Amino acid sequence: MTVGSPERDTRDSRLTDSELQRQLAVTWGSAGGLWNALSNVDHKVIGRRYIVTAFVFLALGGVLSLAMRLQLSQPEARFIGPDRYNQIFTMHGTNMMFLFAVPVMEAMAVYLVPLMVGTRNIAFPRLNAFSYWMFLAGGILLWVAFAIDTGPDVGWFAYVPLAGPQYGTGKRADIWAQMITFTEISALAVSLELVVTILKQRAPGMALNRIPLFVWSILVTSFLVILAMPAIMIASTSLILDRLVGTHFFNPAEGGDVLLWQHLFWFFGHPEVYIIFLPAVGMVSTIIATFTQRPVFGYLAMVMALITTGVLAFGLWVHHMFVAGLPRLGASFFTASSMAIALPAGLQIFCWLATIWWGRPIFRTPFLFVLGFIFTFVIGGMTGVMVASVPFDTQVHDTYFVVAHFHYVLVGGALFPLLGAIYYWFPKFTGRMMSERLGKWVFGLIVLGFNLTFFPMHILGLQGMPRRIYTYQPEMPWGGLNMFISLSALILTTGFLLFFIDVIRSARHGKSAGANPWRASTLEWATPSPPPCYNFQRIPVVGDSTPVWTDCEVLTVASGLRVDRRELLITGVVDASPEARESSPDHSVWPFWTAIATALVLIWSIFTPWAVVWGAVPVATALTGWFWPKGKPEDES
Amino acid sequence: MMSPDTRKSWSSLVFWSLTIAAGVAVAAAVSARMSKTGQRLHRDMLVRGPEMKLEQTAISGPEAKTRHWLGLLTAMVSCLGVAAVLGYTGEPLRLRQDPAVISELEHIRLMPNGVSGAPPNVYFALNQPYENASYNLAQGKRLYSWFGCATCHGDGQGGKGPSFLDGWWLYGPEMVSIVASIRDGRPHGMPPFRNKIPIEQIWQLAGYVQSIGAYQAKVAAPGRNDARQTRPAENRAPAVILFEPVPTRVHPDQGPSP
Amino acid sequence: MKVVKLLLYLVLSGVAGCSGLQSALDVHGMPATHLKHLMTAFFWICAIVWLLVIVTLIYALVRSHTADASTQLDGPRTRIAVSGAVAATSVIITGLTIASFYTTRSIDTRMGDAITIAVKGEQWWWRVRYPNPDWVLEFETANEIHIPVGRDVRLQLESANVIHSFWVPSLAGKQDLVPGRSNTLLIRAERPGVYRGQCAEFCGLQHSHMGILVVAEDEASFSRWLASQRVVRSRTMDDEAAAGERVFLAKPCAACHTVRGTFATGISGPDLTHVGSRRTIGAGLLETTRGSLAAWIADPQTLKPGNNMPMVPLTSDELRQVSRYMDVLR
């Protein structure tokens, strides 16, 4: 870029607002049509697809749980046989963890983080598109397999030897392991994009201590994904190799080890819980700040709590294996660490309470969901302290007590904030408000239905009802509570149905929202709703941690970005001092083809290892197309 | 006096307390270095670095319009709907066969020389489950070890009895021949298992035996056992790569009577 | 309100109904008693903490906010309150951690010499062996463990197939049976009784029907039971049972099951030498009666779909005879 080039000035400095908007729309926008839809790399479009897809999977997983509740409502019921039931509970867990909870949190981040840090697109936008197509392909693989009676039946944890070659017959466990590969690839890609976006694309002045708490939580989560996912990648790949190629990672007779699987799986599996929970924490902080109209108390403490949780998350995995027969020292070490994680969690709760204490609460639906979150999640945290204790755990491990515990943590701790977040950001996504009246009904039905459904499971667990059973005998004293739970599940279902109805209705007929309907403080509200394809007309400049409260009428912005190519402002990691202008890649259909080629390899390799060799050809071709220099303005810098 | 166990427990407590204390120290250090940078600095850096300027604008942009993302939803739901229809028409795994079907499985028709023949029609009506469903093949593999087949046939490479891996089927590779061999026995040492194994289990076992020496790799195959490996597993590749060029170790007393 | 009442009723009746077959709250054995004390302590502490949080939250929501609209949020009072709460949390969790350490220790202490019983997880039943240096005195049984009251019993837990988990909540916490490893679990029943347990680790199609009974009895009855299990063949058999034995030996039954003293020496299924004396069949599936035995033999795949016992075609006479035979194997 030569300074003051004599040709046409393509910077935005001297353009009028309407001229600037027109030119930016040409550079950043995308025409309609299927082809353009497949090649779109706008983070908002992809984020929206991600969110919608993940909620479709939530609904499907919910249907499965209803099927399980039907079967368990009576002793020795015969609605569903053991083979189908095992597939159903495996599908429910796998679907909810890998196709709903993790992707939906990343999806919210894909949509919101670039807006919250004040940039025009996510870093590596084509990788982002690729990650969505991979996620979609993985989900379709799993559900089509289930539909043709090849759904995995080994539990979402797929313990060997049950999932190994001898006992996991057919292709069911292979489908599970390969579906993991799809979601691993997509999660790793998204995390990488988010880390780079957060560290290098923040608006000038958004130093580390001014990053919104949601963005902090996403940063920590992304590092957790990057560090934890390789463990499950090794695990699922070794499982596939054991099953298809005849290796012996988990075969004790040939020097393998059965518990190795559990170590690898839970080294990923425990951080996974925090990968789901930490973004929810960020959402809670955001919603509390807006609905008390105060910044959250103890910003530094909150950030440190997030980081501490992230670090401790890697020191807990053995508490899933307390009854596997490990040495006592190991067990007590992991008891201490599992208890210690209550400290950062408690600290955050106390900071939120302090904020609410001094703030003036505004009881709108998102805030109600946060209250539901505190009520429910603290119960989950308490039972978490219980199962962290080795002796306590020996009685409740693998019982319905644990089922209740982790639903309290995951539904109460992550899904409630997420629903609040949907109510909160829906106006930003669509430009329309969701119904406040319906919202209160949704909140009431879901929180009540959830507690009625899952609280009795604690009691069932103490009464000796193990997990993952497709039925129980009439002489066990579990029939009444199980029937009660199944009926309560209907209340919960009604709540979710209302939620979906509200979303679909509001997307078309909701009240128009305006740029900042909640009077919130973060940058995503400093642009119209829904945001234009270029996010911000000019890049905002930030002077504190609540920029929109400070500049509520007039925004301080930086001008001087080119409008004829997709220019972003790159800033420093710590102080977000402006460093350079750089172009962001244009729309491309190659990520879509690459995802198709990769999906082909992964699915084909379930049937023959040669797929890896021959399937590499289309993947290489697609990647060549992806990275081929096009001579466009985007290639200049 | 503390027991070693208690000492270890205490030391893990101390470890985690120290870890958390270190975290607090880091937090204090970071807070001391927190940025107090104002907008003025950015004005200068914007000009020096990416050659940009600082300005003030109002929040404005194009009007909101409804997005038609419901199209995506419809596409996905219909895709999964197709899958559901597929699943509905498909046959689920049968753990219990009808007794009438089981007794029908007895009625295999062999050629007069005992080699090859026709299975009962019900076998085709069931879609040949003992060759096509990996559940049955895995059950067959379990029965192979439970009924001591390995005492004579080893891991499939033979021993006292013939090998299944040499590409040489003394009575042909058809299911009916194998079922007949197991059920009725064969000359030169193969005992009849008619009263030891129910007929359905004989079919499962036959399916497995056939897959040991299959010429072609199939999607439905039993996995290897979690045991010491003496040969590659059945699901790896067609056994043809394991075949030795000539029939191996066929004892003169093995095979059909002349 | 009605719903809440109903819930309360159900919760209370649920807790009251905890004294049952298989409950972690209805304890009759050494480790389980310690565990129940620990669980009670945890429960009350956690319940109080939860209540404090919720009361604070509710007060924070309903208190009048007009007065301090301009109050500094991060004033020293708030800081002290939050730090105090964090400090209290750390004290509580340290206390709970230490409590669990000491409970673990007390569980591991044993009194006197222990009886060893080998338990092996099968799909989907329990193979129980009472080892004895004198092999004549050694015997195998299934799905039912007899132990003397007040003595330490060391269960040696192994698996030949997938992972199972041994759990009799009234006596002790659970312990996995892991292929390629040998785990042990120490139990001691304090009162005579029949305690039910169940496999707690997902192990395949019939994970739901893998029950086990632990029968704790006084030293005298235990010795009597041991002696009776060692007996090979002194039973009185009527004609029907004798015919049943012939059917049993002629049909595939004998290929998988052992009846000591006969030619039936199969080892893949449970040992049936004293099947009639066991309280249940099918790993806790049905109470042992002649009728349930006949039903099980006639159609095991309907009662327990996917289990490894095949349906053996028998005429109704044969079925009657075999069930009679099973019934007299006491």
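Positions of Cβ are set from backbone N, Cα and C atoms, glycine also.
Look at TrEMBL and you will find A:34-543 tagged as domain 'Cytochrome oxidase subunit I profile'.
What TrEMBL records for A:50-68 (among others) is transmembrane segment.
Remote same-chain partners of the transmembrane segment (A:96-117), defined as residues 6 or more beyond its termini with a Cβ less than 8 Å from a stretch Cβ, comprise 43-44, 46-48, 50-51, 53-55, 57-58, 61, 128, 135, 138-139, 142, 156, 179-180, 183, 186-187, 190-191, 193-194, 197-198, 201-203, 206, 211-212, 214-215, 218, 221-222, 225, 272, 275-276, 279-280, 283, 410, 414-415, 418, 421, 425, 428-429, 522-524, 527, 531, 535. If you look up TrEMBL, you'll see A:96-117 (among others) marked as transmembrane segment.
The transmembrane segment feature in TrEMBL is assigned to A:129-148 (among others).
Under the heading transmembrane segment, TrEMBL lists A:175-199 (among others). Under 8 Å from some Cβ of the transmembrane segment (A:175-199) lie the Cβ atoms of residues 90, 94, 98-99, 102-103, 106, 109-110, 113-114, 117, 119, 122-125, 127-128, 130-132, 134-135, 137-139, 141-142, 145, 150-152, 154, 158, 163, 211, 215, 218-219, 221-223, 225-226, 229, 232-233, 236-237, 239-240, 243, 573, 598-599, 602-603, 605-606, all in the same chain and six or more residues away from its ends.
The transmembrane segment annotation in TrEMBL covers A:211-235 (among others). For the transmembrane segment (A:211-235), the residues of the chain that approach it from at least six positions outside its boundaries are 102, 105-106, 109, 112-113, 116-117, 180-181, 184, 187-188, 190-192, 194-195, 198-199, 202, 261, 264-265, 267-269, 271-272, 274-275, 278-279, 281-283, 285-286, 289, 296, 299, 302-303, 306-307, 309-310, 313-314, 522-523, 545, judged by C-beta separation under 8 angstroms.
Long-range contacts of the transmembrane segment (A:273-292) within its own chain (CB-CB distance under 8 A, at least 6 residues past either end) are made by residues 97, 101-102, 105-106, 108-109, 212-218, 220-221, 224-225, 228, 302, 306, 309-310, 313, 348, 352, 355-356, 358-364, 366-367, 369-370, 373, 406, 409-410, 413-414, 416-418, 420-421, 424, 518-522, 546. If you look up TrEMBL, you'll see A:273-292 (among others) marked as transmembrane segment.
Residues annotated as transmembrane segment in TrEMBL: A:299-319 (among others).
For the transmembrane segment (A:331-355), the residues of the chain that approach it from at least six positions outside its boundaries are 281, 284-285, 288-289, 292, 294-298, 301-302, 304-306, 308-309, 312-313, 315-319, 322, 370, 374, 378, 381, 384-385, 388-390, judged by C-beta separation under 8 angstroms. Positions annotated as transmembrane segment by TrEMBL: A:331-355 (among others).
For the transmembrane segment (A:367-388), the list of distant contacts is 280, 284, 287-288, 291, 319, 335, 338-339, 342, 345-346, 349, 352, 361, 396-397, 401-402, 404-409, 411-413, 416-417, 419-420, 423, 439-440, 443, 446-447, 450-451, 455, 458: same-chain residues at least six beyond its ends, Cβ to Cβ under 8 Å. Under the heading transmembrane segment, TrEMBL lists A:367-388 (among others).
The feature transmembrane segment is assigned by TrEMBL to A:400-426 (among others). Within the chain, the transmembrane segment (A:400-426) has long-range Cβ neighbours (under 8 A, six or more residues past its boundaries) at 96, 101, 104-105, 108, 111-112, 273, 276-277, 279-281, 283-284, 286-287, 290, 364-370, 372-373, 375-377, 379-381, 383-384, 386-387, 432-434, 439, 442-443, 446-447, 450, 454-458, 460-462, 465-467, 499, 503, 506, 510, 518, 524.
Marked as transmembrane segment by TrEMBL: A:438-460 (among others). When Cβ-Cβ distances below 8 Å are used as the criterion, the transmembrane segment (A:438-460) is approached by residues 364-365, 368-369, 372, 375-376, 379, 383, 399-401, 403-405, 407-408, 411-412, 416, 419, 423, 478, 481-482, 484-485, 488-496, 498-499, 501-502 of the same chain, each at least six residues removed from its ends.
Annotation comment: TrEMBL describes A:480-501 (among others) as transmembrane segment. Distant neighbours of the transmembrane segment (A:480-501): 55, 59, 62, 65-66, 69-70, 72-75, 419, 438, 441-446, 448-450, 452-454, 456-457, 459-460, 463, 472; these residues of the same chain sit at least 6 beyond its ends, with a Cβ under 8 Å from one of its Cβ atoms.
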